[in-house]
Amino acid sequence: MKAELQMEESSRLRNDDERDTDPLLPKSNDDHGDGGDVVVVVDAPSPMVIPVLNASEVVEEDDNGGDDSDLEAGSTPCCRICLECDGEEDDELISPCMCKGTQQFVHRSCLDHWRSVKEGFAFSHCTTCKAQFHLRVESFEDNSWRKLKFRLFVARDVILGFLAVQTAIAAMGAFAYLMDKDGAFRNSFSDGWDRILSNHPIPFYYCIGVVTFFVLLGFCGLILHCSAMNSNDPRMAGCQNCCYGWGLLDCFPASMEACFGLVIVFVVIFAILGIAYGFLAATMGIQRIWQRHYHILTKRELTKEYIVEDLHGCYTPPKLDQEHEERLKMLNLL
């Protein structure tokens, strides 16, 4: 009995010691779960609740912040011509017309370039909403660099046209050289005044190319000139059948020398016509180039004199002085 009583007392003391060594925070099976939202501190004077955010809530907050940044980036104004948001320091984004949304803003330099190169009413009106710009008149000092630039542009286009003609002549001369590889045609001119050209193949075939170019130009020019005439014109009634009754068959009874002489006559006639049509085409081309570049230069200078105002999205009907309005109408810009 004594032994049993001693064992019960020892087991009771052991249980009391285990209660004294238990932790202050009770263990729970929900500590490692997804729903553990609060932690209670027992030994504090008053219970304190500490909220714990789940991973899904943190991700939602990050997504909301990203949406806000995207909205801010989407509301940044950009130019409707170059589609750039940032420009040079002195190149501001303006709102000159009634356009809204992505078409509202435009760089001043982009708008001035568009006004100078676009034909029609684009100088004084928006080509999208058709609203007239508010133009502020300022004095513009003439710049000699613009005139020099204008002359350089004209010279560039003329030189390019001249190089195109020389390329065509060189191609025809090269074709004649390929057709006369043995030099029989070139050597046939070695007994006369043209022996100088026959001794040098490059000048000879270049001259062949020049003659061929003007003959073809005269032939094509004559066809275009005749096709442009009105067949119903009574003054041309007698010339409609003027070429009837002759052809290549009429040359067969004649000798080869006579046919060769006739070919030379036709070549000379068409070459002279080609020179005349070429001179006319060159004159018209140079005049066209001059007018085009002068018109663009004048409009660029006018963009510096008639400045488009920034309306900041508040459009009102514009008012322009009668003198400047008549001037722009005379230039077909208003």
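From the backbone N, Cα and C atoms, a Cβ is placed for every residue, glycine too.
Those TrEMBL annotations? Automatic predictions, nothing curated.
These numbers come from a predicted model, not from an experiment.
As written in TrEMBL, here are the features:
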type	residues	note
REGION	1-39	region 'Disordered'
COMPBIAS	1-17	compositional bias 'Basic and acidic residues'
DOMAIN	71-136	domain 'RING-CH-type'
TRANSMEM	158-179	transmembrane segment
TRANSMEM	203-226	transmembrane segment
TRANSMEM	258-280	transmembrane segment
_Intrachain residues whose Cβ lies under 8 Å of the transmembrane segment (258-280), provided they are six or more past its termini_ = 211, 213-219, 221-222, 251
*Going along the chain, which residues at least six beyond the ends of the transmembrane segment (203-226) come within the CB cut-off of under 8 Å?*
165, 168-174, 176-177, 186, 189, 197, 267, 269-278
